[in-house]
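Student: Got a structure for you, questions after.
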């Protein structure tokens, strides 16, 4: 039933037909007024019991007479604490009242009584708090969270007895659900018993908390004594980026999204064990762009947003197992909230009403076009649709997107009854212009009637006369909701409304009871119904499928296989097959019909030529793991401004946008499906689907003329852009300046943001908790570019309000976790300082290390920072061709910096020779200037390569191979297998690359790096370089080829290709076993000069692309690309098998990265295991593999888990010593910065590396603790101490025992002290010295002596312990008397002894010699 938006309820218009009134002339109306708005109103099914919640005051009301009278639920402790009221979805007797604390209440008898239960958590902030089992109403999960200060953990509890008891399921689970979440799940299937207990949980990634790393786990034992098993969603493999799961009828859906795309992958199961990826007939499914509609027990129905408009969709229906979807009808009408004009007619399967957009083409071209909506109906579950008719006229009805009432829009449980508001004509008009239309034959015929219906399960009453019933006491309301019991089995209705009060609003619930009029109602005569069938049980079919050949069948195009006919039986169709048309019978097909080409058994080459002098640039629009299709899209722009597109990795190219004068291509910085093509006049084109389609947009201004970025992209909102254009730049000079505009709909509408800007950027809200609208802009002060003073401003409302952060900045940079600003010095425009923010609102000045000698802070380079710490390169020497600087590393909030590595090379453009290994955290390489003193005097720079395995805390030279690729020894030698200044491996780095995308490592080839360089004392010329590889993240290296090569990884490292650099060639080298062996392959008959080799950025493809030109005899003019396709190679034609339960059983093994200086195999305090393909297996990895298998043991903390603290520096022995004359940061600041902090620690010179997960072991940063002000009580609860009488007896008792034993021995030992006996060999007496009764007490006597000797030390130690907790005036240990081994030695007379364990705390790690130690650590 639909309720008019503006229903005047001063009186009710009732459509009834009366005989002579025998009982009552009208319904009984009861009115109840409430001060606050009722929310969460619901009926207990098949009863007159109704409940709702007062959301403001926290009370719950109940009525047992269908709303005529109301009472507050008054249970001890409940009043005023109701946070939410939740009915059980499948048990009509149960409901839950949830508080915001840990105490809640449940009823199991329709609110007659309530039982209290508690859990140790508050309700979840993000999820519906209760998750119900579909078949056992006693099984419920509660999603909550628990906070300790700022540290909050998600906690999930479960019960199997209706919350008589509750147990912790897991911590930090993002979303959990029962496998059996609906009553219909598993119907018709023989499911294993354990499925009834199965729970699915979405949890964070092992190494990352970002959404793209989320995993889906399951457990059949409530996660007891196990971490759960990762669900093999895709062909037996786990998939990362799981957003959530949803249960619909008998199906469970899991949605996943990869990083850098909006496109989703949907996986489905109907048995909670076997999963399949859904296919939508070539249509993309994007995040927040699909709606799962009311479905049946035999198919799913999903509406998917069209490509460019969020308010137009396409309706799909699945086959019986939910895997393959076919299009039912296109251009369905949606709204921006995801609601779709779609409804199934109640009680009759297969009848669907939808609204579609008639002028969809105009709507997609322009956002301002008004939609023309038309209605259609289907009688075969959406396979075919036809117009709604009133006589000969088309009828259009308002549907879900216009609904203001709860429940169904058109139909009720009365079979065949359909009613709606709308109009006849060409399209749907305004709601207020509509009339009421009724059908009692399920929509076949509709009539315009001023009728209303009163419905119960057995009768339908029509009445053509309207009667008025006034509300009591002159009440006038604005109606909001008209509802009744869910099954429409009652003659009682509830009307909810509001009215203005003296202050604010007041709310009414009106009960309308027709029960007393029942005898006056005219019953509808039911005529005999016959079943008329045109053709007896004729089967119907629909839905084509693409033929897929069984694996291994198609070896040649002419081979044949038995496959799908292209038809399928309509899900839910129970027709009799015998004697009918069997269209879905499998048929014989030819292999050439399949999409995939049959394997050729060899590498395939495709060469293409272009009439240009050189290629200007190229970009990959990479299809991500959650994206559909098989394309590998590349876009190239040539020197002639021609743009070419290839969808098959360069095998075939086509020129695009030929008539447009495209001057630049801007790939989206955060979404790989998207690219923009810009002209100089402000016109532009973009693609959202990797070049499949293009759409034009008009910018508000031409691109800026200040060589600034024209487009700025939002990290999370694909359609949000900032355009920086040129204003008043008409060639006459004068006031030319840059102006920023923004759009939230891909340039459909532009809005002014700010003028006189240099740069504006969206700031990611991840980990900041900020608004999506957070924007930072650099604007010239007073809108005057001539003064060159830039101010940094931010806004969260498009600069309706703004915040000034700094008034004289040089630049700012944003990273995942930090915003870093370079500010000009107050006293000198040549000096800089650093400001840092995490939340984008509060900035703090960075504390730079004093041991970095910076005469004037002139330049900074913000380096890659993904490990909870910021890395900056600070320029020390800025003289051209002599540039170098220091890498400094921050703490976890980016404010306190320490020196990580000195004398790091930099070029004139500000780029530094620093690179982090991809796919493995904490490993990085850098090239340092090894002859700093000579460089300062004008000499050329000489480089050495350094490597770190603990995120910059320690750096070492790289160990060279023992032999070269020809089996010969190198001219230099290592010392004990360790590199020295005279003999180490050095590699050419970032500043020498023609293309910065050519990195040492790959995100998918974990642990493998390739580089060119040499073995010796310094890095030699690039022309003399050889090529090296490591397979263990840089611990050991091997020379693979003499000479310098360009390299590329493919298929996650299972294919590696080398091409000679700067040398004409016809051949390339490839390896299928991680570089252990190499084969030559001739890719061209004519020699070519190869400028670059590329593949998709994830390095997961088996295709490679060579970029160059022919130079040999018979060469063709222009430039050329060469596609090298390894997918047909026999050794790479079968996909590898990975069993998540037995990861080493088939084609993979588990690889553990290690720290070269730690014998226990720990890296960052844990042991991680990664999937790597066995080098000897002939198979391919395929789409991006989830490499990280598990994080195993958490390790005890060691020195490698710490780095030097602020104003401390590393020593040659590995310890950290305070820089002379400097003080550490005030340790008490933790108490003021965090009001919930209980304690602070005295500085030790060490701080934990932000990445480490270690526990226990050496706590080098926490030794002497002190209570924060006014937190003494909490402190001593956390650190109970021995004092008073207990301390007295601990000292006294051992002394008394030792003295007593000594006295006893002295008086009873026959030898006495002082007697000397020689030559006596007799057995001796009871107290002979060899007797146990003598030897033991002698030891005790020795103990007495030791105690007496050590007593001063004991007292001193106890004094230090006590004064460490509570400051004692005048204590000699009020300050720690040493900070390094040297200062400890200088004060040696102050100490009686040092326990052996304390040596490592001071940094006495063993090194082979001091000189080597100086090289490894002195440069840090």
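Numbers run from 1 along the shown chain.
Here the Cβ of each residue, glycine as well, is placed from N, Cα and C on the backbone.
Remember, it's a predicted structure, so these values are computed and weren't measured experimentally.
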Student: When you get a sec, could you say which of 1243-1263, 1264-1284, 1285-1305 is annotated transmembrane segment by Swiss-Prot?
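Tutor: Spelled out, Swiss-Prot records transmembrane segment over residues 1285-1305, not the other listed ranges.
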Student: For the annotation transmembrane segment in Swiss-Prot, which listed range does it cover: 1206-1226, 1311-1331, 1332-1352?
Tutor: 1332-1352
Student: Would you please say which range out of 1373-1396, 1397-1420 has the annotation region 'Disordered' in Swiss-Prot?
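Tutor: From Swiss-Prot, the annotated region 'Disordered' range turns out to be 1397-1420.
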Student: Within 10 Å of the Cβ of residue 893 (N-linked glycosylation site), how many other Cβ atoms are there?
Tutor: 17
Student: How big is the gap, in Å, between the Cα of residue 271 (N-linked glycosylation site) and that of residue 893 (N-linked glycosylation site), rounded to a whole number?
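Tutor: Between the Cα atoms of residue 271 (N-linked glycosylation site) and residue 893 (N-linked glycosylation site), the distance comes to 46 Å.
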Student: Summarise the repeat 'BNR 2' (377-386) by DSSP state, stating how many residues are helix, strand and coil.
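Tutor: Split into helix, strand and coil, the repeat 'BNR 2' (377-386) gives 0 helix, 3 strand, 7 coil.
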Student: Does anything in the same chain, at least 6 positions from residue 321 (N-linked glycosylation site), have a Cβ under 8 Å from its Cβ, and if so what?
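Tutor: In sequence order, the residues whose Cβ lies under 8 Å from that of residue 321 (N-linked glycosylation site) (at least 6 apart) are 268, 270, 276.
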Student: Please list, for the repeat 'BNR 5' (1070-1079), how many residues fall into helix, strand and coil according to DSSP.
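Tutor: Its residues fall into 0 helix, 3 strand, 7 coil.
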